[in-house]
Amino acid sequence: SVIELGKMIFQETGKNPATSYGLYGCNCGPGGRRKPKDATDRCCFLHKCCYKKLTDCDPIRDSYSYSWVNKAIVCGGDDPHLKEMCECDKAMAICFRENLDTYDKKKKITLKLSCKKTSEQC
């Protein structure tokens, strides 16, 4: 769910997920996939692609279990669909951490109207 995703992002980056990433670039937050503005925005693009492959779960409401072991996210639980969702969220949180050096505060709130459509496929 959004709650677990937020915790993962905070654990990996130390940033507030809602204010730092909620409307970042063209792909973070609600809406379809657009041409990414930078590496952080690409993390959100890839996350949407990952969610698109999910079946039998609702990424907004369904919750999964994970643990934080030696500063690493470990997805748990028996449900393969929820584990898959956890892996999508884990990948995005790690992607955000790996791209902290190019995070641009000016892109924290991007008007989606300024975003270009992309022909890039998942």
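Please read every residue number as a count from 1 along the shown chain.
Backbone N, Cα and C atoms are what each Cβ position is placed from, and that goes for glycine too.
Sequence-distant contacts of CYS115 (disulfide bond), defined as residues of its own chain at least six apart whose C-beta falls under 8 angstroms from its C-beta, comprise GLY25, CYS26, ARG34, LYS35, LYS37. Residues annotated as disulfide bond in Swiss-Prot, with similarity to another entry given as evidence: CYS26-CYS115 (among others).
Feature annotation from Swiss-Prot assigns disulfide bond to CYS28-CYS44 (among others); the stated evidence is similarity to another entry. There are 24 other Cβ atoms within 10 Å of the Cβ belonging to CYS44 (disulfide bond).
Taking a C-beta cut-off of under 8 Å and a sequence gap of six or more, CYS43 (disulfide bond) has these contacts in its own chain: MET92, CYS95, PHE96, ASN99. CYS43 (disulfide bond) falls within a helix when secondary structure is assigned with DSSP. Annotation source Swiss-Prot lists disulfide bond at CYS43-CYS95 (among others).
If you look up Swiss-Prot, you'll see CYS49-CYS122 (among others) marked as disulfide bond. DSSP classifies CYS122 (disulfide bond) as coil under the three-state reduction. Cβ contacts within 10 Å of CYS122 (disulfide bond), excluding its own Cβ and spanning all protein chains shown: 11.
Annotation comment: Swiss-Prot describes CYS50-CYS88 (among others) as disulfide bond. Shown in sequence order, GLU87, CYS88, ALA91, MET92 are the residues of the chain, 6+ apart in sequence, with a C-beta less than 8 angstroms from the C-beta of CYS50 (disulfide bond).
Per Swiss-Prot, the feature disulfide bond maps to CYS75-CYS86 (among others). When Cβ atoms from all protein chains are considered, those within 10 Å of CYS75 (disulfide bond) total 19, not counting its own. CYS75 (disulfide bond) carries a strand DSSP state (E or B).
Annotation source Swiss-Prot lists site 'Important residue of the cationic membrane-docking site (MDoS)' at LYS105 (among others). Around LYS105 (site 'Important residue of the cationic membrane-docking site (MDoS)'), no same-chain residue at least 6 positions away in sequence has a Cβ under 8 Å from its Cβ.
Look at Swiss-Prot and you will find 105-117 tagged as region 'Important for membrane-damaging activities in eukaryotes and bacteria'. Sequence-distant contacts of the region 'Important for membrane-damaging activities in eukaryotes and bacteria' (105-117), counting only residues of its own chain at least 6 positions beyond either end whose CB sits under 8 Å from a CB of the stretch, comprise 19-20, 23-26, 31, 34-35, 37-38, 40-41.
All protein chains considered, the CB of LYS108 (site 'Important residue of the cationic membrane-docking site (MDoS)') has 15 other CB atoms within 10 Å. As annotated by Swiss-Prot, site 'Important residue of the cationic membrane-docking site (MDoS)' applies to LYS108 (among others).
Under the heading site 'Hydrophobic membrane-disruption site (MDiS)', Swiss-Prot lists LEU111, citing similarity to another entry as support. Annotation for LEU111 (site 'Hydrophobic membrane-disruption site (MDiS)'): no same-chain Cβ neighbours under 8 Å separated by at least 6 residues are found. In three-state terms derived from DSSP, LEU111 (site 'Hydrophobic membrane-disruption site (MDiS)') belongs to neither a helical nor a strand segment and is classed as coil.
When other Cβ atoms within 10 Å of the Cβ of LYS112 (site 'Cationic membrane-docking site (MDoS)') are tallied across all protein chains shown, the result is 14. The site 'Cationic membrane-docking site (MDoS)' annotation in Swiss-Prot covers LYS112 (among others), and the record cites similarity to another entry as its basis.
Residues or ranges marked as site 'Cationic membrane-docking site (MDoS)' in Swiss-Prot (evidence: similarity to another entry): LYS117 (among others). The Cβ of LYS117 (site 'Cationic membrane-docking site (MDoS)') has 10 neighbouring Cβ atoms from other residues within 10 Å, across all protein chains displayed.
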Lowest local Cβ density among CYS28, CYS49, CYS88, which the record lists as disulfide-bonded residues, within 10 Å: CYS49
CYS86 (disulfide bond) versus recorded positions CYS49, LYS108, LYS112 - nearest by Cα: CYS49
Integer Å distance between the CA atoms belonging to LYS108 (site 'Important residue of the cationic membrane-docking site (MDoS)') and CYS28 (disulfide bond): 9
Position of peak Cβ density within 10 Å, selected from the disulfide-bonded residues CYS86, CYS95: CYS86
DSSP three-state assignment (helix, strand or coil) for CYS26 (disulfide bond): coil
